[in-house]
Amino acid sequence: MYQNNLTFAKQCDQEDPLAHFRNQFLLPSDNKGNPLIYLCGNSLGLQPLQTQDYITAELKDWAKHGVEGHTDAKHPWLPYHEFLTNSMAKIVGAKPNEVVVMNTLTTNLHLMMVSFYQPTKTKYKIVVESDAFPSDKYAMESQLKFHGHDPKEGLILWQPREGEDLCRFQDLETIMESQGDKIALLMIGSTNYYSGQHFPLKKITELGHKYKCMVGFDLAHGAGNIQPNLHEVGADFAVWCTYKYLNSGPGSLGGCFVHERHANNEKLNRFAGWWGHNKDTRFNMRHEFDPLSGAEGWQLSNPPILSMAAIRSSLDVFEKAGFENIRNKSEKLTGYLEFLLDELDNNNINIITPRNKEERGCQLSIQLKNADKAFHTKLTKAGVISDWREPDVIRVAPAPLYNSFEDVFEFVQRLKKVL
Ligand SMILES: *Cc1c(COP(=O)(O)O)cnc(C)c1O
């Protein structure tokens, strides 16, 4: 159904019901003003045009009201995080009470492990996919150490088989069968940052629960890319960032999910702060800690409003576009990229991301046998913004909100030239 020519790509853009969203983003260009082909939304999403207005509005309210902005700003700062909750809950398939925007990803991962990683002497191990993002691994290793366990021995890697690039669910089952009684937590990246493999979240959760383990997901590469249905899946917790597919700006705040079955669970450890305290008595400042029900109860500090304004702007764009439409386009767009790469018919190119649409989002990880970093530099000089991972993989992620079929076609032309 796809065709390898520019006319076809342009026709797809004409027929794309989301095509006009591209104009609502600021697209990067080189020093001479030539537009770049930006395929790096998996690393840093682009800026929605309206974000500047959302942030400026808060700056103006701060200028006008000073501290009274907490209650008198157009979007009062005291409850500001609540303005994000419903849209964010939809993005991850959760109930509003299960979701909060706060802190950043790694911080939230630690806070969640304080509550959901409560090892005993014999049941203390953590399972993670072997190519997990380094920061996640550091967090898990340090938690193991903090609880007096050897991080090397305590961290179990769910690995691809010899000669393969992807993890098989069957092998996770084998790990659980042999060591389930020693494992306390399954902590998996929902969509692996390196391979782009999207894991079967429900099966993983059921497997973990069968062995009385807690199950958490890192959605850094899932949120805004694939709707993970967290409530239905039954995960105990999840964390994610908003600067990748959620287009909320560098270092913007993260999201956190706590399943409603834990909303009032007093058995969980929790590191507390005033923003997690009962809203009615928070400012009395004299009461004992009285946690809010649900994910909100894990908040520590009053949050940075300017960053939240950027998130609110981005979530409004997602609301307008509709997530199903986004996912539909994403499957077509990434399918087109896959088709064009196959058309190159080059033995040195190997797509390591799963071929099955259900097992991936918009990213394709392309292994270029015999290539090194110099190859990626050439590609960048040719006006393509992509991402290089040692030893020989480039990751490209056509983001359905702002990338076009023409972008994808043009990318493959430039790749071909550099090859
Ligand atoms: C991007 C990413 C992070 C980054 O963590 P921060 O705390 O936001 O700096 C962590 N884990 C994964 C899987 C990521 O993809």
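Quick reminder: no glycine exception, Cβ is built from N, Cα and C everywhere.
Heads up, TrEMBL stuff is auto-annotated, nobody curated it.
Within the same chain, residues at least 6 positions away in sequence whose Cβ sits under 8 Å from that of Asn302 (pyridoxal 5'-phosphate binding site) are Trp77, Trp274, Trp275. Annotated pyridoxal 5'-phosphate binding site per TrEMBL: Leu105, Thr106, Phe133, Pro134, Ser135, Asp136, Asp218, His221, Tyr243, Trp274, Asn302, in sequence order.
Marked as N6-(pyridoxal phosphate)lysine by TrEMBL: Lys244. In the structure as shown, the Cβ atom of Lys244 (N6-(pyridoxal phosphate)lysine) sits within 10 Å of 26 other Cβ atoms.
Across the structure, Leu105 (pyridoxal 5'-phosphate binding site) and Lys244 (N6-(pyridoxal phosphate)lysine) place their CA atoms 12 angstrom apart. The secondary structure of Asp218 (pyridoxal 5'-phosphate binding site), as reduced to three states from DSSP, is extended strand. Taking Cβ-Cβ distances under 8 Å and a sequence gap of 6 or more within the same chain, the neighbours of Tyr243 (pyridoxal 5'-phosphate binding site) are Leu44, Gly45, Gly249, Pro250, Gly251, Ser252. Its own atom aside, the Cβ of Leu105 (pyridoxal 5'-phosphate binding site) has 25 Cβ atoms within 10 angstroms in the protein chains shown. Checked against ligand 1, the binding-site residues Ser135, Asp218, Tyr243, Asn302 give Ser135, Asp218 in sequence order as having a Cβ less than 6 Å away from one of its atoms. For Phe133 (pyridoxal 5'-phosphate binding site), applying a Cβ distance below 8 Å and a minimum sequence separation of six or more within one chain yields Gly189, Tyr193, Asp218, Ala220. Rounded to the nearest whole angstrom, the C-alpha distance between Lys244 (N6-(pyridoxal phosphate)lysine) and Ser135 (pyridoxal 5'-phosphate binding site) is 16.
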